[in-house]
Amino acid sequence: MSWFTPELIEILISVLKAVVILLVVVTCGAFMSFGERRLLGLFQNRYGPNRVGWGGSLQLVADMIKMFFKEDWVPRFSDRAIFTLAPVIAFTSLLLSFAIVPVSPTWAVADLNIGILFFLMMAGLAVYAVLFAGWSSNNKYSLLGAMRASAQTLSYEVFLGLSLMGVVAQAGSFNMQDIVNSQEHVWNVIPQFFGFVTFAIAGVAVCHRHPFDQPEAEQELADGYHIEYSGMKFGLFFVGEYIGIVTVSALIVTLFFGGWQGPFLPPFIWFALKTAFFMVMFILIRASLPRPRYDQVMSFGWKVCLPLTLLNLLATAAVILYNAQ
């Protein structure tokens with residue numbers, strides 16, 4: 001009896017697809033750091049990294065080698081186990097968040113019926129990594145940064161979840177494939193424009209990206225909750241942040257811009273082009289907006305984003321009830 005049954009072959013193909021997708025995501029997250037530095041250089045009328053390799057193309061490799069050989073230092077009075085666990089949780093939770101995103105009609109790591117809930121669960125798990133990093137470092141700046149990050153993330157995750165409820169109500173499913181298929185005629189960005197705006201803002205805040213990078217503000221907290229990290233532990237936080245940008249960009253495309261749908265080109269090409277556009281938008285936002293105060297960030301969330309998401313949800317419910325009559 002052969003070991004290679006049709007069921008086993010199907011499982012191996014699914015595992016291979018998952019490995020390929022996740023490796024591509026990690027690679028995109030790593031290369032985005034180089035792309036960001038080049039784009040910021042152009043935006044600020046300077047060159048950016050252009051010495052290592054042709055046009056600076058090997059700068060990322062040089063940074064990886066440098067980071068790999070840096071001393072993996074642990075503070076003397078820190079909680080070593082939790083200090084080591086924090087970057088692993090951060091990297092893993094952000095990477096697994098991409099698992100529910102369908103790259104094409106046949107390519108996805110996991111086709112879950114509760115796909116959106118899985119993403120929100122992974123986003124909530126990432127908060128523990130920040131808290132663990134701040135608490136275990138035994139550093140006042142790390143702890144202050146962790147407290148800022150946890151309060152900001154938990155607050156904006158409320159708006160993140162509520163902004164998606166209109167999309168779920170229209171599609172009638174939490175499954176990402178069903179949501180993409182429901183946009184065959186009209187992308188969700190048109191009927192769910194306020195939901196899209198709120199989701200994009202909350203996505204930037206949850207990723208702790210500028211202008212919502214108060215937990216890592218160098219001028220105030222000296223890099224916040226990962227001030228004590230070095231070597232590959234810092235590298236996991238660093239790459240994890242860019243993986244978060246890739247994931248949020250991919251979710252914006254999937255939920256509001258038709259996912260892989262588009263004329264002429266193959267589905268995965270359309271998905272990649274749309275996702276790359278929003279990744280560039282993340283970078284341009286960093287280049288063009290100032291950093292507000294922390295109290296202004298929290299006030300904006302509860303006084304602007306929350307009413308906007310509730311208004312969008314009420315309007316969506318009213319339209320669905322009207323069409324059902």
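Cβ atoms here come from the backbone N, Cα and C positions, even for glycine.
Summarising the annotation, Swiss-Prot assigns transmembrane segment to 11-31, 81-101, 114-134, 154-174, 186-206, 237-257, 265-285, 304-324 and lists sequence analysis as the type of evidence.
In this chain, the transmembrane segment (81-101) does not touch the transmembrane segment (154-174); fewer than three CB pairs sit within less than 8 A of each other, excluding pairs fewer than 6 residues apart. For the transmembrane segment (11-31), the partner stretch with the most Cβ pairs below 8 Å, chosen from 186-206, 237-257, 265-285, 304-324, is 237-257. With a cut-off of 8 Å between Cβ atoms, the residues of this chain six or more beyond the transmembrane segment (114-134) that come close are 82-83, 85-90, 93-94, 96-97, 99-100, 142-147, 149-150, 153-154, 157, 160-161, 164, 168, 174-176, 206, 215, 224-226, 229, 237, 244, 251.
The stretch from 186-206, 237-257, 304-324 that makes the most Cβ contacts under 8 Å with the transmembrane segment (81-101) is 237-257. Within its own chain, the transmembrane segment (304-324) has Cβ neighbours under 8 Å at 156, 158-159, 162-163, 165-166, 169-170, 191-192, 194-195, 197-198, 201-202, counting only residues six or more beyond its boundaries.
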